[in-house]
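Taken from TrEMBL, the feature domain 'Myotubularin phosphatase' covers A:127-503. What TrEMBL lists as substrate binding site is A:Asn276, A:Ile277, A:Cys339, A:Ser340, A:Asp341, A:Gly342, A:Trp343, A:Asp344, A:Arg345. The active site, phosphocysteine intermediate annotation in TrEMBL covers A:Cys339. Residues annotated as region 'Disordered' in TrEMBL: A:522-576.
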Amino acid sequence: MEHIRTPKVEQVRLLDRSAGQRKASVGTLYLSATHTIFVENNPETRRETWVLHSMVSSVERPPSTPTGSQLILRCKDFRVFHIFIPQERDSVDVHASLVRLSRPEKYSELYCLSFNPNVNKEEREESWNFTDLTADYKRMGVPNNLWVATAANSEYRVCDTYPSELFVPKSATPAIIVGSSRFRSRGRFPALSYFHQDTLAAVCRCSQPLSGFSGRSQEDEMMLQAVMKSNPGSDYIYVVDTRPKLNAMANRAAGKGYENEDHYTNIKLQFIGIENIHVMRSSQQKIIDVGEMRAPSMTDFLWGLENSGWLKHIKAVLDAGVFIARAVADEGISVLVHCSDGWDRTAQACSVASILLDPYYRTIKGLMALIEKDWVSFGHKFSHRYAHLDGDPKEVSPVIDQFLECVWQLSEQFPCAFEFNERFLIAIHTHVYSCQYGTFLGNCQKERRDMRLCERSHSVWPQLWKDRAEYANPLYKAELSQSQGVLRPNTTPYCFKMWKGLYNHVEKSTPPRQSPADFLAAVKEESQQLEEELTNHQEVPPGGPTHQQQGSRQEDSNPDGEANHMGEGGGSEEDD
Amino acid sequence: MEFAELIKTPRVDGVVLHRPFMPIVEGTLCLTGHHLILSSRQDNTEELWLLHSNIDSIEKRFVGSLGSIIVKCKDLRVIQLDIPGMEECLNIASSIETLSTLDSVSLMYPFFYRPMFEVIEDGWNSFLPQDAFKDLESMTDEWRLSEVNKDFTVCPSYPPLVAVPKDVDDDTLRKVATFRHGGRFPVLSYYHKKNGMVMMRAGQPLTGTNGRRCKEDEKLINATLRPGKRGYIIDTRTISVAQQAKARGGGFESEANYPQWRRIHKAIERSNVLQESLIKLVEACNDQSHNMDRWLSKLEASSWQTNVKEILTTACLAAQCIDREGASVLVHGTEGADSTLQVTSLAQIILDPACRTIKGFQGLVEREWLQAGHPFQQRCAQSAYSNTKPRQEAPVFLLFLDCVWQILRQFPCSFEFSESFLVLLFEHAYASQFGTFLGNSAAERAKLSLPEKTVSLWSWVNRPQELERLTNPLYEANSLVIWPSVAPQSLLLWEGVFLRWNRSSKCLDEAYEEMVHIIEYNKELQNKVNTLRRQLAQLETEDPLLHTP
């Protein structure tokens, strides 16, 4: 509260173009410890707009005009609010407060740690068990006689940005692991990301080797050999360096670099060419600008799209995933993926590959597990990348945005293959930035443990799961061939579109457009109600005529969906 | 048959056919007067029947004595035929070239085609102007049907019957015709039932450099205005293009002579520019390189999407004037048979829910394109792969269909037809067994006796099995005006036409089927529930005991 100079300003005008507003509405602006709140004066609607401070990416104050002064609030979900304040003094105060409030300096200032919802301890602890990585590895068939759990990193002894529980090739001894980790940036040694049961090939991840121009490590070479040996059917592995080759070469001068094929036997090195976080940051700014353009011509738009380079980068990430998935599924060859530190591009490439390889990750729960595995547990630096705290702006980059967009682009090509819709992806995107939940706080597992996040905040996943009806794709059908097995997307440039749902709020919401998905969802819901009514009709009223009873018996074993429905209904009965 | 002398080699065995997304077929190639047929002689499904008139251009390649003919079709498909024997290959190629570019309309396939289906309703009689006028009469008595053009002398590109203001007599019309390009005097295009406003279309006024005027013209269009009301003239050309037209005898309505009208200039490209745009777009779509920058810059350079945006924007403007401003509108460009029709027909899609039904859309195409004298034969003679320098060719109708697709995509529940209907119209406009799109005007169609000698496309479409295939499962009649977004982000490339042969549509087709399935299942359940409800109600009346709980 100490940062709020003026908690309330009246006669403020707010223009929210992202909600399709063309004229500003007049109302009162409130600043709370967590939100900017605007309440319309119009007594009929009294519409409220709440903006979480942690969602604000910048607050601009253009020069005042005679009619008052303006603040422009840009949000991390790409919404833009224009606020007109009559008194300049008020606007200066609000500006200063918002600048401070939107740039918390300590984790404890963040919403999820400062706000205590009315939930009990058990429920909170339960919420953290919602995604269970051990169960996910078990689902892939790990551990097995090829891949085993290692205790090497317990208490984060070997690599402090890795999770404590990891799977490694059976033949990788602790000495090999430790030796390999010494030869890798930040100690991020090769570990299992995904095991493909059909071909026994695996996707592993790590960081770049500290090879420089001539350095080598016997243990690291043995480690890669072990990865290969854990795939009985193959005599080599792919090492996918997701960076442009030039960048990888430049790293050699700093004692880092990439695997020398002369030192590592049986590897095939492949560069993919995903650009670094700085290129991506500026590219995203350009595509945001494209989305914000007022009345652009087609040329402005297409030129802006090209100039931003954004779709090119999305394509590069997807291509990386496609390469890995093909190697694993079609060739049966294991792949070791790295970039520089192995927490940005590597996370992207591995998780896209997993989506392509495994239908489970295309379900609502599966995508949660995947993000928990390849992003949260493997130490993607959420707090740095998404500017949770006031820090180095050069650390900020839309890495997971690109992953989510790849999933969206895939869902456009395979409309029946994903259990979730784009709202789910956008909700995840929002929460990556919002800090309403503890899930994405911090930069690695160790940091989260040290912060005791499980005790002090809640996980986002149960909340999203509770709202899953909202996130369901009505066209999802697991039995269809496109939903099963490996996805083989077309990555010709014309297959990529600008993700309007994320970048173009204005256009999305101007007039109420018809969405086939929403229409179908409503139809499906109605069908479900009809199914219920049908079973009710067919059920025999107590003491009803006997000839009806027989008829209904036969129908009893009818729809499968009904059984699920009863289960949910049962839960709510207990609450009563 | 006279075609026989054009076919030097009617049959070749051992020909291999490559088609996009289909297995390679080896079989016998046969040339007939109108078709290129390839049959594997094993399985009838593996046959190719290609109309010569669908062939846009061919390329020959030779490796040793094995020749290949790349056949590029007007529907943008590209297929390859590997033909053993150089002589055979050359003969086939030269026959195809000749047969696909026959000049005489009466040699076209529709004159030889005999329907293999039962005609339920003769499409040639489905959309007669007098029937359309009956609907108008039920709404207003301010218009009459004039026969001034019954022998096509006043305006060669107009139909024999046109709707004009009641108080304007035929003599006036004759005078106005001399003042408008191609004799295309202002006629009624659309009557907006909601507020009685109208949309008219015409050719440009022939003001010339010395500002010629025509009192009758002024009188005619003023007759459509309510007292004290102003109307809008939408000129589809930019002001500078319209100015330049004066030098060639054309021009636009001056403020001085038309004080009750506000003129707005838009920038829809002329037809010759559009052909270039189509060629560039298709070239970009067929570029299989994986370079994103190259794709986007080629897409931009084709200007196709810009054309779509410009046309839709102008149509929205016309619709806005009528529905929002409560004003009448006159639309014209130069001839009044290209961009004018794009605008007037799209405005009706926006304004009139009837045009969004299958039958209504056919009626719109019939009224605003065929009878309105869009020169289909000239415009659709060649498509994107043509090697010859375009003369009159232009994808004016295809652009219209693309714009309809854009609106359909934005309002997927408001159209009774699905995208496949639009694709079908595109195909048939360029090559067809039906006579509907032959000729350039009603006069030419009458001269060719098309209704007597050919089958109408509508006769084929309006049969239950075809209608079912073309029906949009999401359709729920929407009586509202639908305002499409014309922001560039909202306008997509029409993949169903331009990427149709470049990327597999298997997954999208599956999604479509799934959508149909969801809706069908819902209907089925509704029927079951309704039956049970009725039974229950009946039981309750029959057995009063059931009333007591």
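Residue numbering: from 1, along the chain as shown.
Just so you know, glycine gets a Cβ as well, placed from its N, Cα and C.
Just so you know, TrEMBL annotations never went through curation; they're auto-generated.
Within 8 Å of the Cβ centroid of the substrate site, not counting the listed residues A:Asn276, A:Ile277, A:Cys339, A:Ser340, A:Asp341, A:Gly342, A:Trp343, A:Asp344, A:Arg345, the chain contributes A:Ser207, A:Thr242, A:Arg243, A:Thr346. Counted over all residue pairs in A:Asn276, A:Ile277, A:Cys339, A:Ser340, A:Asp341, A:Gly342, A:Trp343, A:Asp344, A:Arg345, the record's binders of substrate, the longest Cα to Cα distance measures 12 angstrom. In the structure as shown, the Cβ atom of A:Trp343 (substrate binding site) sits within 10 Å of 26 other Cβ atoms.
Counting every protein chain shown, the number of other Cβ atoms lying within 10 Å of the Cβ of A:Cys339 (substrate binding site) is 29. Along the domain 'Myotubularin phosphatase' (A:127-503), the predicted structure has mean pLDDT 96.
For A:Asp341 (substrate binding site), the same-chain residues lying six or more positions away in sequence with a CB closer than 8 A to its CB are A:Ser185, A:Arg186, A:Arg188, A:Ser207, A:Gln208. Look at A:Arg345 (substrate binding site): DSSP puts it in a helix.
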